[in-house]
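Listed features, source Swiss-Prot:
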type     : residues      : note
SIGNAL   : 1-24          : signal peptide
CARBOHYD : Asn40         : N-linked glycosylation site
DISULFID : Cys80-Cys91   : disulfide bond
CARBOHYD : Asn90         : N-linked glycosylation site
DISULFID : Cys130-Cys138 : disulfide bond
DISULFID : Cys140-Cys157 : disulfide bond
CARBOHYD : Asn160        : N-linked glycosylation site
DISULFID : Cys209-Cys223 : disulfide bond
DISULFID : Cys211-Cys218 : disulfide bond
LIPID    : Ser215        : O-palmitoleoyl serine
DISULFID : Cys283-Cys314 : disulfide bond
DISULFID : Cys299-Cys309 : disulfide bond
CARBOHYD : Asn300        : N-linked glycosylation site
CARBOHYD : Asn304        : N-linked glycosylation site
DISULFID : Cys313-Cys353 : disulfide bond
DISULFID : Cys329-Cys344 : disulfide bond
DISULFID : Cys331-Cys341 : disulfide bond
DISULFID : Cys336-Cys337 : disulfide bond
Amino acid sequence: MRARPQVCEALLFALALQTGVCYGIKWLALSKTPSALALNQTQHCKQLEGLVSAQVQLCRSNLELMHTVVHAAREVMKACRRAFADMRWNCSSIELAPNYLLDLERGTRESAFVYALSAAAISHAIARACTSGDLPGCSCGPVPGEPPGPGNRWGGCADNLSYGLLMGAKFSDAPMKVKKTGSQANKLMRLHNSEVGRQALRASLEMKCKCHGVSGSCSIRTCWKGLQELQDVAADLKTRYLSATKVVHRPMGTRKHLVPKDLDIRPVKDSELVYLQSSPDFCMKNEKVGSHGTQDRQCNKTSNGSDSCDLMCCGRGYNPYTDRVVERCHCKYHWCCYVTCRRCERTVERYVCK
């Protein structure tokens, strides 16, 4: 009996969704670049793991950027693990780059977050590197056109966000511009989420000031535009992750677009993370779906949040254990000017999931 055409189409679409989805974040493997690799010659670009040919070309033509890109990859790893430390999915699989598990291989909510964070991180790192004078191709950001406010004056060195966004997008979006990398739906999803990450970075630009005046009177303040820390951007993106929208690839007019699965009468909002495939609950270990499980994960007995023992342990229960903590105590200030402390030890009770 021959399969019906619509069944075949559905199977092909499902297969496409599972193929090559994480191609755009393989560059995070740069976090493992040996410090001994100088990255001062173009032939070094071929030795870097996780890059597509377009990124290798960008490396060769912008060699001075690569230390900053490596730094960005390392910052993504740290920021993701910190942001999800209290969740069942704790971003541990990101450290397997470039050989990800299915939690990041597929078009999941988790991959949406990592794409957004990666795009934000590389632009953030480049913008900051311009400010610190580490890149010969850029300097401080432009002086804002609006007045700084009473008692303030523009000065200092602003983070060069425009240059960071330009060069960051060229590098992080390059894999999605390659023709043979998965389905069109996946490409649209990845590009959309990367732009959401850059949007979150733009929103983090704020006025920072330094006081001047006699005896700290702060009669005049020198101000500039600076980016928040990447961890703050990650926190913003985590909020968007929690409210991410599941989408489908459907015709709208003469072209196909990503539209919300449960409300396909409107286009996807520019500010929302989107995903194509639902994730497992990450309760049990199952590498087929990219789940490490939560067995032996630490939980908080008194919390009502995602790190609570009830939620983290998925109802399986938990085991208590005692831990000895050494900390500074009985600190005393001495004139002038130092502090002495004693070292105290106390026992705390902790809990891990069964």
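Placement of Cβ uses the backbone N, Cα and C atoms for every residue, glycine included.
Since this is a predicted model, take the numbers as computed values, not measurements.
Mapped onto this structure are the features recorded in Swiss-Prot.
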residue : record                      : contacts (Cβ under 8 Å, 6+ apart)
Asn40   : N-linked glycosylation site : Leu63
Asn90   : N-linked glycosylation site : Arg81, Phe84, His292, Arg297
Cys138  : disulfide bond              : Ile126, Cys130, Asn160, Tyr163
Cys140  : disulfide bond              : Cys130, Thr131, Gly156, Cys157, Ala158, Asn160
Asn300  : N-linked glycosylation site : Asp86, Asp307, Ser308, Cys309, Met312, Tyr351
Cys313  : disulfide bond              : Thr294, Arg297, Cys299, Cys353, Lys354
Cys329  : disulfide bond              : Cys341, Arg342, Arg343, Cys344
Cys337  : disulfide bond              : none
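Put simply, of the recorded positions Cys218, Cys223, Asn304, the one whose Cα is nearest the Cα of Cys336 (disulfide bond) is Cys218. When Cα-Cα distances from Cys80 (disulfide bond) are compared across the disulfide-bonded residues Cys211, Cys218, Cys283, Cys331, the shortest belongs to Cys283.
You'll find the Cα of Cys223 (disulfide bond) roughly 37 Å from the Cα of Cys331 (disulfide bond). Around the Cβ of Cys336 (disulfide bond), 5 further Cβ atoms fall within 10 Å across all displayed protein chains.
Here the C-alpha separation of Cys283 (disulfide bond) and Cys91 (disulfide bond) works out to 14 Å. In this structure, the C-alpha atom of Asn304 (N-linked glycosylation site) lies 34 angstrom from that of Cys331 (disulfide bond). Around Cys91 (disulfide bond), a 10 Å sphere centred on its CB holds 24 further CB atoms from the protein chains shown. Rounded to the nearest whole angstrom, the C-alpha distance between Cys211 (disulfide bond) and Cys91 (disulfide bond) is 40. In this structure the C-alpha atoms belonging to Cys331 (disulfide bond) and Cys218 (disulfide bond) are separated by 32 Å.
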